[in-house]
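Inspection log for the structure reproduced underneath, given as structure tokens.
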Amino acid sequence: MPPVSFAAASDPAPRSALPIGVFDSGAGGLSVLAELQRALPQEDVLYLADTAHVPYGARSDEDIRDLTARAVAELVRRGVKAVVVACNTASAFSLTHLRERFELPIIGLVPAVKPAVAATKSGVVGVLATPGTLRGTLLADVIRQWAEPAGVRVMQAVSTELVPLVEAGKADSPEARVVLRDVLEPLAEAGADQLVLGCTHYPFLAGSIRAEFGDTFALVDSGAAVARHTRNVLSRGGLLRGGDRTGEVSYLTTSDPAHLRALLMTLRPGGADGASLPDPPSPRIELTTT
């Protein structure tokens, strides 16, 4: 398949005026969106939630690559200047393929093992992730690069239940706390003092994690680092939008717009006490296919 060129987008606006595309399997990428809006408040964003196919974590490698490519192609078709793949599972399997196919910056997520290794005092770091992220190579690569030379033990915890709970609006619920207690108790017993949130849905579980484990773990995620990296990539490419303005966010979803709207009103990165997403009361949400 030939590369998809940025010039194929139908929007005639200058490249710097185009929005940043953000993609996730569902609502998890909203935690990354919140960081992008803090780091790049002047930028417009087009967010695509592939909620018809969430969760990605238990899907086959081929399915993950195909769904991710279709979603990114839809963002490119609508006209974006860069794409942030705000999904750890999609990043684990698709970044190389996406960068070969699409001629615009593709920014992915890397599990935040490096800062967790730097911060640990116990020498034990936990990683909470989906089966897909644990199956991919990105996590193994960063463990090999940062944890092993430092002599830090990395313990992995996996769940297929947490993403559906967040998507159902139950991030701060008894059901979520039961699952978290089961999967994280072995990490706490082993002395982990840092917990890498290896899925963009998981910052929304911070309140439930703290309710069960108090300050046992410092919670570490990639959102702020990805936002800084996006700003640097746009700056190097002359793609930063100038002017004193506040960017707008538009949303695409592959299933129920009303459900995504409800999640936008309730989800808070960092848990129940976190700041709400800085979105308008009635966000523009369009149903799409990929």
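Each residue, glycine too, has its Cβ placed from N, Cα and C.
Marked as substrate binding site by Swiss-Prot on the basis of sequence analysis: Asp24, Ser25, Tyr56, Gly57, Asn88, Thr89, Thr200, His201. For Cys87, Cys199, the entry in Swiss-Prot reads active site, proton donor/acceptor, with the evidence type sequence analysis. The region 'Disordered' annotation in Swiss-Prot covers 271-290.
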Let me check the 10 A CB neighbour count of Thr89 (substrate binding site). How many other CB atoms are there?
33
Using Cα coordinates, what distance in whole Å links His201 (substrate binding site) and Cys87 (active site, proton donor/acceptor)?
9
What whole-number distance in angstrom separates the two most remote CA atoms of the substrate-binding residues Asp24, Ser25, Tyr56, Gly57, Asn88, Thr89, Thr200, His201?
12
Assigned element (helix, strand, coil) containing Asp24 (substrate binding site), judged by DSSP:
strand
If you take the centroid of the Cβ atoms of Asp24, Ser25, Tyr56, Gly57, Asn88, Thr89, Thr200, His201, the listed substrate site, which other residues of that chain have their Cβ within 8 Å of it?
Gly26, Gly28, Gly29, Val54, Pro55, Cys87, Ala90, Thr130, Gly132, Thr133, Val163, Cys199
Fewest other C-beta atoms within 10 angstroms of its own C-beta: which of the active-site residues Cys87, Cys199 fits that?
Cys199
Within 10 Å of the Cβ of Asn88 (substrate binding site), how many other Cβ atoms can you find? Include all protein chains, please.
32
Under 8 Å between C-beta atoms and at least six apart in sequence, can you list the same-chain neighbours of Tyr56 (substrate binding site), or say none if there are none?
Ser25, Asp63, Ile64, Leu67, Cys87, Thr89, Ala90, Thr130, Gly132
